[in-house]
Amino acid sequence: MASLADSFLADLEELSDEENYPEEETAELADAEHDGDMDMQDLESLNYDDLDSVSKLQRTQRYKDIMQKVEEALLKGERDESTFLVEEDPEYQLIVNCNSLSVDIENEIVIIHNFIRDKYRLKFPELESLVHHPIDYARVVKKIGNETDLTLVDLEGLLPSAIIMVISVTASTTTGKPLPKETLAKTIEACDRALVLDSAKKKVLEFVESRMGYIAPNLSAIVGSAVASRLVGSAGGLSALAKMPACNVQLLGTKKKNLAGMSRASALNVGFLEQTEVFQSTPEPLRARVVRVLSAKSALAARIDSVRGDPTGKAGRDFREGIMKKVEKWQEPPPAKLPKPLPVPDSEPKKKRGGRRLRKMKERYAITELMKQKNRMPFGKQEETSLGDGLGEGFGMLGQAGSGKLRISVAQSKLKPKATKKFKEKSYGSSGATSGLTSSLAFTPVQGIELTNPQALGSSLLGSGTQSTYFSETGTFSKIKRT
């Protein structure tokens, strides 16, 4: 068991260690600050006037190796049609690298284009708004140089004649000034580098398109070799493209579109598929449907190519024919609406319910003559109302016939005679029971109160039906003496 002195010594050692730790931490922080200062010095030392500090792709070893292999493959020519490229083949890996390199070349051309615009803006600031394509802009800048009179510069073949005329008119009124020799030399060098990168990109695309028939014959048959190479390169290989759903194939190669102001207008998100011939030849209202069909069929074709299901490309050609037939079917006008003929008259009796019950129901819900007169309006006369002066409920033709009465004679119902006859046929005689209101006491003027039989009185009053209505059977004629 450790003594008290040993525990104190251990506590002192821990305190000494904690005291040394902040020194090490401050040293590391100082090193980090020093590194940050070095990074800031490197950023400040960058010279954006120097083209090599902006464009570095052509000096990389990766660019040189890929371009050398591409040139050697183009010199060899096309491969044998009986051989197929697989993912383990070195040429397949070269194709994948070419796809990624083509994207890097496009980005590098954009960087060089910005460099050229910054330098040449002092000479011709309106040119960048007239010529938008980076390669065309580089060619025009290299052709014009420091020339102030554009009538001496031949721009035929570089741009359309209408744009050339606009450039010539704008150059005559421009506020730019000639560039210094050093700035002009850097600008021309940047233009040459952009043109070299554009030719390298064309070589890469030519090589990839020449080999896509062996890698993905069915996919190339649907969207073309150029678009197929971009889809495979963007997805990271044919197997990755085959595992991708159709909705994601449609979005490969899409770019974010910057809308003006606070606009929320939704545009069709289409990537590389908008470069296909089928998409370009389709009318604008049908392109959203076409791109969905293209993406679905491209995904199926990529799956067929990944397992070498149809090396001849027949499935892809069939898919393309089906898409074209669908587009033609969508563009057909709707069938004309023919006049519908009347149905053939049926001579057979209708199976509709009839009889006394239906007749009674119809008469129960039929519109009465009173309602008909109330719903009618006389011509040239003011309608009588319940409150007068056109206020309240109107009476229509009621009281307008000349009688001034609101009641009218209702036509006799067809069912009334039958109901009356039936009522007469029934016997409504007494059952023999005596009512509780009858009494056996009768008041007579002769004897006063008498006891009588009410039943006998009732039977004598009703009789057998043969008694006279006017003369009593028991009474006699009385003689009245004249005075």
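Cβ from N, Cα, C; glycine included.
Cross-referencing 1-39, 40-78, 274-312, 391-429 with TrEMBL places the feature region 'Disordered' at 1-39. Note on the region 'Disordered' (327-361): residues 278, 282-283, 286, 289-290, 415 of its chain, located 6 or more positions outside it, place their CB under 8 angstroms from a CB of the stretch.
For the domain 'Nop' (215-332), the mean pLDDT of the prediction comes to 83.
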